[in-house]
Amino acid sequence: MHDKLLIEGKLIAGNGEALAVFNPATGEQIAAIPQADLHQIDAAVLAAESAFAHWGQTTPKTRATLLLKIADAIEENAEVFAKLESLNCGKPYHAVLNDEVPAVADVFRFFAGAARCLSGSAAGEYLEGHTSMIRRDPVGVVASIAPWNYPLMMASWKLAPALAAGNCVVLKPAEQTPLTTFYLAHLLADILPAGVVNIVFGRGADIGDALTGHEKVNMVSLTGSIATGAHILAHTAASVKRTHMELGGKAPVIVFDDADIDQVVDGIRSFGFYNAGQDCTAACRLYVQRAVYDEVVEALGKAVATLKIGDPRDETTELGPLITEPQLERVMGFVERAKALPHITVVTGGERVKGTGFYFQPTVLAGAKQDDEIVQKEVFGPVISITSFDDEAQVIGWANASNYGLASSVWTRDIGRAHRLAACLQYGCTWVNTHFMLVSEMPHGGQKLSGYGKDMSMYGLEDYTIVRHIMIRH
């Protein structure tokens, strides 16, 4: 098992306290991995700064070629990555192998192509005797903080656009889930020039703060909680660093009475519970028009009850565990408080699964009201709420009455209605008659407390650049 930091092209052991890493499916410890110490954080940032002097000047073709090599290496090691991610996160192995690892490789391939298409505005004479042009240049040293729910995928979302734009990166994976990132470090050491990517490890409260607050870091990119985002913004405010924040979500799923109910049920069964609901875009906050409310509640309850919970190594397993015991207890707390409300009905689930591991039953809670905690707060587990609504105006108001603004979906056969709602919903993405679908070519990111900046797409690449005006007198 790889457990080495990557600093200046060398794989080295951390000099700090060892942190225990667990298998969520069993609750057993699988590794004890030393953190970086503060000297190693400093060395990683300085290595990135030194490498940037050359990497920032390389041609797009050169960067693209190396990104394609990374994609090839990920595909060649797909089974290893899938086994490690499944072991460390409790994800079903087949889902990681067939869904997530190919998507990771595709992100690197997309940004390899995008690197060769990045350009500024056309030159022109806007002042007599002077020619102006726009450059898009790399930011410099980027400190990237990845979350625990999709460790490898989020590492790719952080690394690929930053490298494509010509930046150097110091990446810190979540302390709970470092295994695939360490394996990636082992591969990157043989592909990239020394210092272009550095990978460190440790708790956010000390190692994360040292990294994001380092004076030589030009930009911080985070995928994480609102609390972590707010902390980093406060911590780095004095240095006015550039920041990219992808934070929490509480996706409204709006089901009209003309929707294809079978399609709705199949979709929510998948998109509300993938990765045990530990996804910022999970289809978790259902608003169902009153005429079909009872039908949807009954059908969805029956469908969700068939989700198979089990060993991540079993090809028939659909739902794995939550990431840690504290996360399980957090989800249980949300559900218990909801169950205590007289108007809420547990349609299915609602309990911890007996036995080992951090499993929670897939849960459907009907009768929820707009102001209920279960409707307003991000649970980040296999739990969905269902609320009835009367008309468009009411449901648009309810959907937008949220601190979150990441993802949403509308289910209807009326294309005019779909366009109206898509124009009104205050979310970074609105799907129609589907949910959860992401592609490398399209941007992902939120608004309000869900953050700002875009992952993937050309917009994601541009986020890691600085726009500069060059004016030449002649």
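Keep in mind that glycine also has a Cβ here, set from the backbone N, Cα and C atoms.
For the NAD(+) site, Swiss-Prot lists Ala146, Pro147, Trp148, Lys172, Pro173, Ala174, Glu175, Asp209, Ser225, Ile226, Ala227, Thr228; matching the candidates Cys280, Cys284 against that entry yields Cys280.
Each of the recorded positions Glu175, Glu246 was scored by the number of other CB atoms within 10 Å of its CB, and the largest score is that of Glu246. Sequence-distant neighbours of Ser225 (NAD(+) binding site) (same chain, six or more apart, CB under 8 Å from its CB) are Leu247, Gly248, listed in sequence order. Annotation for the binding-site residues Ala146, Ala227, Cys280: lowest Cβ count within 10 Å of the residue's own Cβ, Ala227.
Spacing of Ala227 (NAD(+) binding site) relative to Glu246 (active site) is 12 Å (Cα to Cα, whole number). When the Cα atoms are compared, Ala146 (NAD(+) binding site) and Glu246 (active site) turn out to be 10 Å apart.
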